[in-house]
Ligand code: RRO
């Protein structure tokens, strides 16, 4: 029995990764992910220049998940590109690195992509179109025309492997429209979902919000979001060209959650809220739990059940 997963011409030991933003801001956090049992890992979404992000408290664990309004704090594009190039030099032949960018404008994204294109970077770039937390900046992927225009410009200059991080959608019309746009581009993957934007959590004792930015509004993660994440993974798996793989993110806390994302069609799996709660040791626990479920069901590999969700009309 194996959890090995082939994605972008590479066989990863297992499908698990961190979700960008969790445990990946600094070189020392990234080194901990590298030493963990995760099959791969990704850097914090970055901007051209360093950002302090929103005022604290800006991340809060709640009983059914988390709420955050980090506001894109990061150490700047060059910090992560320098790390990525050094990592690749030291780890030739190891699994490719995922590199997340989230420009403050289309021009910022195109500038970072041009620098990645012209660098020696050999890994996979994730373009985050779904940060819900920068005051005054709506999530780009909720604007279908702007998403199409940006991807057109991106693929006119960028030839390395590229995936995009999407927000959750909640209507079949939106799944259809977004899939029709994405199918026009040679994307390596689509990552669904980012946090459910702009939730509001109230502390019952104090009658107060629990994070400071945006009067308490923030992106939801964890148990709250799993059904929405599974729906988005399934909706894109059944609509996108098969060359475009799906990374499933949202509400993965245990082996069963991971198994469900794989049944819906995900190839790689990312963990945010639960990684924040447990630290990188989660990857040991969850790989074992997934292996136990596969054994109970008689599967030797993920490929045997990926995408094979049953519906009631068959
Ligand atoms: O930094 C953040 O506030 C943040 C980002 Br960029 C994102 O993509 N998703 C999220 O929940 N928080």
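Placed from the backbone N, Cα and C atoms, the Cβ positions cover glycine too.
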For the substrate site that TrEMBL assigns to 68, 69, 70, 71, 72, 128, 194, 195, which of 44, 152, 226 is also named? 44
If TrEMBL gives 44, 45, 128, 165, 193, 222, 250, 251, 272, 273 as binding FMN, which of 20, 78, 301 does it give for that site as well? 20
Among the binding-site residues 44, 165, which residue has the fewest other Cβ atoms within 10 Å of its own Cβ? 44
Once near-sequence residues are set aside, which residues in the chain of residue 195 (substrate binding site), 6 or more away, have Cβ atoms under 8 Å from its Cβ? 68, 132, 218, 219, 220, 221, 225, 272
Pairwise CA distances across 20, 44, 45, 128, 165, 193, 222, 250, 251, 272, 273 (listed as binding FMN) top out, in Å, at 20
Restricted to the domain 'Dihydroorotate dehydrogenase catalytic' (3-294), the mean pLDDT of the model is 98
